[in-house]
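What Swiss-Prot says about this protein:
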BINDING   GLU175, ARG221, HIS453, ARG494  L-aspartate binding site
BINDING   ARG221, ASP222, GLU223, GLN230, GLU487, GLY539, TRP540, ASP541, ARG542  ATP binding site
COMPBIAS  580-596  compositional bias 'Basic and acidic residues'
REGION    199-202  region 'Aspartate'
REGION    566-608  region 'Disordered'
SITE      HIS31  site 'Important for tRNA non-discrimination'
SITE      GLY80  site 'Important for tRNA non-discrimination'
Amino acid sequence: MLRTHLSGELRKENAGQSVTLTGWVNRRRDHGGVIFIDLRDRTGIAQVVFRNEDVAERAHALRSEFVLRVTGVVEERPEGSQNPNLASGDIEVSVTEFEVLNESAPLPFQIEDSSSAGEVGEETRLKYRYLDLRRPVQANALRLRSAANKAARTVLDSHDFTEIETPTLTRSTPEGARDFLVPARLRPGTFYALPQSPQLFKQLLQVAGMERYYQIARCYRDEDFRADRQPEFTQLDVEMSFVDQDDVIALGEEIISEVWKLIGYEIKTPIPRMTYADAMRRYGSDKPDLRFDIEITECTEFFQDTTFRVFKNEYVGAVVMTGGASQPRRQLDAWQEWAKQRGAKGLAYILVGEDGELSGPVAKNITDAERAGIAAHVGAQPGDCIFFAAGDTKSSLALLGAARGEIAKKLDLIKEGDWAFTWIVDAPMFEPAADATASGDVALGNSKWTAVHHAFTSPKPEFLDNFDTNPGDALAYAYDIVCNGNEIGGGSIRIHQRDVQERVFEVMGITGEEAREKFGFLLDAFAFGAPPHGGIAFGWDRIVSLLGGFDSIRDVIAFPKSGGGIDPLTDAPAAITPQQRKEAGIDAKPKPKAEAQAEAQAEESAEK
């Protein structure tokens, strides 16, 4: 064997033992002819000392990230020279011999000094990701991810779930984003699609009688690279038969609780639930951050008779910034720029003086009665600032929801180590297709309505009879789990009856012919005794990034893409050669379906 011990596991109890270590030169220091090296392996660092004149002379040539094999005797460090920051800080290894297993070229950035990480551009870090991952904080992120995988599997295995892999080459079916397409060389002009989720296959597994399925699944979505998204990502995918919403939520809480124990945090269960309508009304978001107690107050009725033109709108709402009246004018102007960057015209405000008097542009334009009652209506105290949004309900609530988050940051209301979880239930089943496209999503079908979650979500039982006649009122049998303002998982009770699924497609403008072409296999399966079933999928990259305290999911993915979907390490995506293009049949016209099927049958017969 190349080594007898691991660097980070040596302790005082090992004193006097002869050991052989392997690892990288983390740091080298010369002191009067004696050379000290911090030798790093996956477990940590051990200080190795080259005192012997022969080995010390050779050690002068060692540089950062050289790969070494050293043999020596473990000794307790002299009094006063211990390093409390290292697990092995009470000992050092006096080297008797060593071997250079490999040298290192000059580094593009320093690895041993973690404080320099912020000075290194992300493109450089990703281009040399194999070096970036030598830094303990990055390596530990991947180990945390592995531990989270294990914790989830332990919970699911204890409930008799079966881990099953579903295809990653399938047909293109509309699911809410654009597909990544893969040319099928043996069928020129035709394409596979990489799955956006295992949704349809996991439902088919329920029809197959597997009852309890899970998978740590790779998923692919060809979408614009908005904030902190990846074209390929991982989700913990779970599906089970003969369950209702409460069953799935209970299992989801057990999984999340076990995973959060990895960082020493005990989640109180059951996790509170909040309706989608309440979340939007109180927090302006369907993924509210509940670590701070700032709520939106609706003022539409309060200003119903106002003479102020700005407040003569579909919706008027407000949030209060405690102590905000003391903000200087430049800060209040900055709020206006902040709002404009979010597509609003501005952020109206009233300042409540310490004497209770109101000031600011809005205060001058509202009636005496409105001035007398507005502070009490929104719960503002002397010294506070009241911010308003007015306009259509959706965009106004979104602006106020963002404002409450910005207020929390400015007032330092979010404390490190705080966690707030909630379930969001009773979301709308459908939304206007125009709203979906405006937010950057793909509106499925050819109707003015599209699914909020996906086309396979069941309506709540009370809407089963009329969701297609009143799609705007129908609520979905769906549930999302939110942590600190991040949606970390979502699921639903699924449709398991063919006629209901066809009615949903019809609402979305998916014709019977199109449904049979793209989803015929699912509709056919529903005809053979499909059980009631439901499930949930957790965004695994997001969960691990939250656990590790990372700002970006890229930090918890071994080889992530940059913000533009580029891999700086391999320079993917890349052009292909004309020969590859020809072989892949990218430009070929697909044969008529009947002809292609006949050829396939002929080939199959020939093989037999």
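Glycine too: its Cβ is placed from the backbone N, Cα and C atoms.
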Other CB atoms, at most 10 A from the CB of ARG494 (L-aspartate binding site) = 22
Using Cα positions only, nearest of the recorded positions to ARG494 (L-aspartate binding site) (HIS31, GLY80, GLU223, GLU487, ARG542) | GLU487
Relative to the Cβ of GLU487 (ATP binding site), which residues of the same chain, six or more apart in sequence, are found under 8 Å away?
-> ASP286, LYS287, ASP480, ILE481, GLY539, ARG542
Who are the chain neighbours of the compositional bias 'Basic and acidic residues' (580-596) in space, where the CB to CB distance is under 8 Å and they lie at least 6 residues beyond its ends?
-> 183-185, 187-190
Near the region 'Aspartate' (199-202), which same-chain residues lie under 8 Å Cβ to Cβ, leaving out any that are not at least 6 residues past its ends?
-> 166-167, 170, 173, 175, 213, 215, 237, 239, 454, 456, 519, 521-522, 535
In all the protein chains shown, the tally of other Cβ atoms within 10 Å of the Cβ of HIS453 (L-aspartate binding site) is 20
Between the recorded positions HIS31, ARG221, ARG542, where is the Cβ count within 10 Å the lowest?
-> HIS31
Tell me whether HIS453 (L-aspartate binding site) sits in a helix, a strand or coil according to DSSP.
-> coil
In angstrom units, rounded to an integer, how far apart are the Cα atoms of HIS31 (site 'Important for tRNA non-discrimination') and GLU223 (ATP binding site)?
-> 56
Among GLY80, ARG221, HIS453, i.e. the recorded positions, the one with its Cα nearest that of TRP540 (ATP binding site) is ARG221
DSSP residue counts for the region 'Aspartate' (199-202), split into helix, strand and coil = 4 helix, 0 strand, 0 coil
Of all the Cα pairs drawn from ARG221, ASP222, GLU223, GLN230, GLU487, GLY539, TRP540, ASP541, ARG542, the residues the record ties to ATP, which distance is largest, in Å?
-> 20
Given GLY80 (site 'Important for tRNA non-discrimination') and ARG221 (L-aspartate binding site), what distance in Å do their CA atoms have, once rounded to a whole number?
-> 56
What does DSSP say about TRP540 (ATP binding site): helix, strand or coil?
-> helix
Here the recorded positions are GLY80, TRP540; which one has the lowest number of other Cβ atoms no more than 10 Å from its Cβ?
-> GLY80
Rounded Cα distance in angstrom between HIS453 (L-aspartate binding site) and GLU223 (ATP binding site) is 17
In DSSP terms, helix, strand or coil for HIS31 (site 'Important for tRNA non-discrimination')?
-> strand
